[in-house]
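As structure tokens, the structure follows; a few thoughts come after it.
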Amino acid sequence: MTTFSPREIVSELDRYIVGQADAKRAVAIALRNRWRRQQLHGPLREEVAPKNILMIGPTGCGKTEISRRLARLANAPFLKVEATKFTEVGYVGRDVEQIVRDLVEVGIGLKRDEKRRSVQARAEAAAEARILDALVGPTAGQATRDSFRRRLRAGELDDKEVEIELASAAPSGLPMFEIPGVPGAAMGAINLGDMLGKALGGQKGKPRRVTVRDAHAPLMAEESDKLLDQDAIVQEAVREVEDNGIVFLDEVDKICAREGRGGADVSREGVQRDLLPLIEGTTVATKHGPVKTDHILFIASGAFHVSKPSDLLPELQGRLPIRVELAPLTVDDFRRILTETEASLLKQAVALMATEGVAVTFTEDAVDALARVAVEVNSSVENIGARRLQTVLERVLDEISFTAPDRAGESVTIDAAYVRERVESLAQNADLSRFIL
């Protein structure tokens, strides 16, 4: 789990997301509170529950981007899901308890990677020995092995083909079956490979011919797993999920009940009712054992264009006590998005054209013009936030992108006049821009 202070978390988010200081502060404090709880001991630690967050703001203002960056910062089991993917328990579709099962799988993957790093040196030596066996045979003399080992480490044999045999786990693509009417059927799915073992892909794998370069990674993973206690990894991962798991629940506004709508609402209000115990704290049965959700942090977000937060069930509103409102983006925000963020759209466009040998530069007034056009189209057509910049920029670069292979070695300067020539007429014609921008 991360030990960053709230200030450090906010400054890290600032590198990728413009503005939205309140939302950044809220998630930074929530993340730091996870660490603070770990420092407590005794009964008090069990009593400290996470303060779940509801982020409200128009589309394209940074809600989802905050979740993406938070996933990398958290250093804890983190899952981002859309609320619209789920249906009420008892209907065809995924029920919300699948969130916890998926989070456990994420936690196991994180814990396994962490443990693999701790045995990396031993696994490296074992993988190297297996590659040498494939190259020179297990009966080769020590001098021959040493000679090939030197060449292998120097990278001289990377393109040479060898035959290796990997122990294949149960195929992951097998269909999953629900058990209807069985207590704990929420446990969900039984993997046929687990039940029938070797009959459907046991430990014996068939030989494969691959290059030495391609053989290294799977052999390393297999040798690492031989050195690890898989049961201990699962137990630690489940404990980590229960204590530090974070779920980002996107598009929560889409599960608000619509006024005047009758009949069963299996993917709206029914999903809200199913979310209540999950967020409040319950025990979910998974194939790795029961998982308690009492200390999992839930961050919900939604645009609330058609509905409003008060349309959520009152009980669900109460379980999301921290409200954060994200502000719509201004012209200055758009300008900063284009120039200040790491891997900004302009940097990406310049780098992509450079691969064709075309040097593209944007003047200051071109950046201003792009920002202004994006804001104008958002206000006159439909406000889709920062995503509008991608549409406008693609329109501006359309001709250059198409002819770039024939223009290698050229330099192209894009100024405000060029931007206006490409998109101004469309931006001013509201009817036309509805379809093109």
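Cβ coordinates come from backbone N, Cα and C, glycine included.
DSSP classifies GLU65 (ATP binding site) as helix under the three-state reduction. The ATP binding site annotation in Swiss-Prot covers VAL18, GLY60, CYS61, GLY62, LYS63, THR64, GLU65, ASP250, GLU315, ARG387, and the record cites sequence analysis as its basis.
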Cβ neighbours of VAL18 (ATP binding site) where a neighbour is any other Cβ within 10 Å: 22
Max pairwise CA distance, angstrom, over record-listed ATP binders VAL18, GLY60, CYS61, GLY62, LYS63, THR64, GLU65, ASP250, GLU315, ARG387: 33
